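Peer 1: One structure, pasted below without further comment.
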């Protein structure tokens, strides 16, 4: 760059800093690139699949899937992990369906959990924005986008046609929220539902679509698709679900990784079940017939007994987890690639 251009650029940068404050514009080389702070999900498999060890702070995350697939369970486990590390969590319950007894079973400290049950979508998103701007909340969960009903719809008559109202509300809210989320380093998780597009018959095209328009797809740094794929039985009794979680979008690590984990009723994601499955895959746990062995020790006949053994012997489980983390530990998060999609 010639001297005249350098002087012109220097003058422009000085003017920008004077008008908008120091750090408004900076060279990438002058900026300290730090590893992204994360909140663990409560699932070791998913933390590794995300590539950064959990859900990224200072970002928007979308978790979507069919009904009863484990969306709220996953967010409550992330809240529990956040609280274990001394963080503050907020849950905006637009569906008015949070069960505090179930949340407590998953390890959530319900006495310290900030809960809001707003009347309208505008109120829910305004509360989320105020909590984010306070800079004192580590994770805010909005459950769910589908339940964020615009005020005009609530005040209108049943059957009124108000096309695109919720999509416009989400687009406007996310434009306002994203800057505040980055500045306050808060993780904001939106739970979303699936709907079916009528008339989609093209091969290769999915008829499924998430609610609330396209804005959330663009603004989210991570999108997780969670689905129930089978039942877990103990004898004839169903005790949980086999669940597949796919990382559909990831701006901080390679996407499209997927994991199959177990969600047990009244317990949440089975940590011990994951340790056994990952241990077998990593050849740290031997499986001979129905027997599972770790080191020189037999830990159980059948997965359910092995799971119980690890639950009762926490030192063994902790040692196995440490070995698995060492083997699968994700590398430090790379710099984020520029997202060239236009935000709408």
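Each residue, glycine too, has its Cβ placed from N, Cα and C.
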Peer 1: According to Swiss-Prot, region 'Disordered' applies to one of these ranges: 301-322, 323-344. Which one is it?
Peer 2: 323-344
Peer 1: To which of the binding-site residues 68, 72 does the lowest count of other Cβ atoms within 10 Å belong?
Peer 2: 68
Peer 1: What other residues of the same chain, not counting 65, 66, 67, 68, 69, 70, 71, 72, have a CB atom within 8 A of the CB centroid of the ATP site?
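Peer 2: Going along the sequence, the neighbours appear as 226, 227, 228.
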Peer 1: When neighbour density is defined as the number of other C-beta atoms within 10 angstroms of a residue's C-beta, which of the binding-site residues 65, 71 has the lowest density?
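Peer 2: If we count Cβ atoms within 10 Å for the binding-site residues 65, 71, the smallest count is at 71.
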